[in-house]
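Right, one structure below, let's go through it.
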Amino acid sequence: MGSRHFEWIYDHVGHFGRFQRVLYFICAFQNISCGIHYLASVFMGVTPRHVCRPPGNVSLVVFHNHSNWSLEDTGALLSSGQKDYVMVQLQNGEIWELSRCSRNKRENTSSLDYEYTGSKKEFPCVDGYIYDQNTWKSTAVTQWNLVCDRKWLAMLIQPLFMFGVLLGSVTFGYFSDRLGRRVVLWATSSGMFLFGIAAAFAVDYYTFMAARFFLAMVASGYLVVGFVYVMEFIGMKSRTWASVHLHSFFAVGTLLVALTGYLVRTWWLYQMVLSTVTVPFVLCCWVLPETPFWLLSEGRYEEAQKIVDIMAKWNRTSSCKLSEFLSLDLQGPVGNSPTEVQKHSLSHLFYNWNIATRTLTVWLIWFTGSLGFYSFSLNSVNLGGNEYLNLFLLGVVEIPAYTFVCIAMDKVGRRTVLAYSLFCSALTCGVVMVIPHKHYILGVVAAMVGKFAIGAAFGLIYLYTAELYPTIVRSLAVGSGSMVCRLASILAPFSVDLSSVWIFIPQLFVGTMAFLSGVLTLKLPETLGKQLATTWEEAAKLESENESNSSKLLPTTNNSGLEKTAAITPRDSGLG
């Protein structure tokens, strides 16, 4: 069914009337829960400062020139240097030097000096660790001692989650096409609540990781199918703003993570509180109807007609007969029967040298957008100052970023806004790297500017990609870009973990990728004011037309470039 014929229905019942607004905000509310679970590990996976637990009861604690500290308090005093240790004397007279990942027993028990040059034996931390609890009472790391030789297990918490995101988008997109949008929305929303609670009550690390993996799958599945669901109810006139601002609700989830992390400092209780945000949607999602266009694709015409009648009643407009819509669609745009749709593979995105270059550039931008988005968010705890306020502010700036995209892309063009955003992100990454750590407020402000810029780029690339390719491979292009961005989301936590080697490694990676992406973006054709390409020949003409008509481009409305939404299947959506 042609997307231009879909608009015939919206022209009768309303493009974004009261019925669509209610459905939109119900489904968008659930995006908040998805944003929560995507970034919950920012605090849940924190590794506090720690020392080895001594093999007995302690009678004296010495740290440098101080001997009146309790052992629980000295963990917060350890610097990043590996030579720092805490000296303790046990009740049996033994003297031990406790460091992060080992402990040494002194042979000479008569000297209580902190500096000791005598002989000593090194032992592993078989009795566990003592963690600094000034910030967090417990985290997933402290729960299962994911430090030292088990540190790599902590590093897998977020990457494995993102791998689940990748599989979930493919899996539930397929089920949505086969079983319907509504069934998948019910299943994924219930799964988000159940697996979220299961993660909080996990008895061991592996159960915790399994619950988080399935949580990622259902959260990703909801984002993908929820996007398609609301877009199939909204007409072209409102589709740009509606689709872009779904990201804004995802950003609200970031704000709730920061607020909950500030108020709740025990990881399992923190996870439970965050999981309850999805309860309102689970309780009311049963009232959501199936989309009439999926029903039509399944031949369930009477059910589809009922939904259209309800839409018209809520919007206080006159309904339309779907039999007329079906007759119009069968006639085709020029009165001919529709031709068989040819299937295309990934190799078609490398149709010729110019298209191949375009594809690689677009993939790089998708990768950079996702890498920057998650690197800025996950690295908020390393900026200095209040880590909860840092994450909150980095979430706040996303909302105006999406508004900026909606306005600017129809004023100055997609390519200009995208290149500007990438260059701005690269510049702010460089600024963060030269700001002294003691001036952390300036660092946070610079990070906010960078997050604004990368958020704008990430919000725009979805639409821009769809406009750069012809109809026959448009969904394939968007879907492949979505997969590339999820690969970046898997790698982003490793980049942030490398900040323990050098604190500015995340900014170096993101800044370099953003600058390179910005340069290559300038070589892409502008799509503002252009009709959507339907053939390879039309797509190839974009470069030449852009050069000859760059000074003659006229502003376009939000309608331009959005016919592609009806052609994007759930498996291709890259939201979140």
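Glycine residues also receive a Cβ, built from the backbone N, Cα and C atoms like all the rest.
Whatever TrEMBL says is automated annotation, not expert-curated.
Over in TrEMBL, the protein carries these features:
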{"type": "DOMAIN", "residues": "113-529", "note": "domain 'Major facilitator superfamily (MFS) profile'"}
{"type": "REGION", "residues": "542-576", "note": "region 'Disordered'"}
{"type": "TRANSMEM", "residues": "21-40", "note": "transmembrane segment"}
{"type": "TRANSMEM", "residues": "152-176", "note": "transmembrane segment"}
{"type": "TRANSMEM", "residues": "183-203", "note": "transmembrane segment"}
{"type": "TRANSMEM", "residues": "209-230", "note": "transmembrane segment"}
{"type": "TRANSMEM", "residues": "242-262", "note": "transmembrane segment"}
{"type": "TRANSMEM", "residues": "268-288", "note": "transmembrane segment"}
{"type": "TRANSMEM", "residues": "355-376", "note": "transmembrane segment"}
{"type": "TRANSMEM", "residues": "388-405", "note": "transmembrane segment"}
{"type": "TRANSMEM", "residues": "417-435", "note": "transmembrane segment"}
{"type": "TRANSMEM", "residues": "441-464", "note": "transmembrane segment"}
{"type": "TRANSMEM", "residues": "476-495", "note": "transmembrane segment"}
{"type": "TRANSMEM", "residues": "501-522", "note": "transmembrane segment"}
Intrachain neighbours beyond the transmembrane segment (152-176), with Cβ under 8 angstroms and 6 or more residues off its ends: 37-38, 41, 44-45, 47, 140-141, 144, 146, 183-184, 187-188, 205, 209, 212-225, 228, 378, 482-483, 486-487, 489-494, 497, 569-574, 576
State the mean pLDDT for the domain 'Major facilitator superfamily (MFS) profile' (113-529). 85
Under 8 Å between C-beta atoms and at least six residues away from its ends: which parts of the chain pack against the transmembrane segment (21-40)? 161, 165, 185, 189, 192, 196, 215-216, 219-220, 222-223, 226, 229-230, 233-234, 242, 245-246, 249-254, 256-257, 270-271, 274, 277-278, 280-281, 284-285, 288, 314, 377-378, 391, 576
So, does the transmembrane segment (417-435) come close enough to the transmembrane segment (501-522) to give 3+ Cβ pairs below 8 Å, pairs being at least 6 apart in sequence? yes
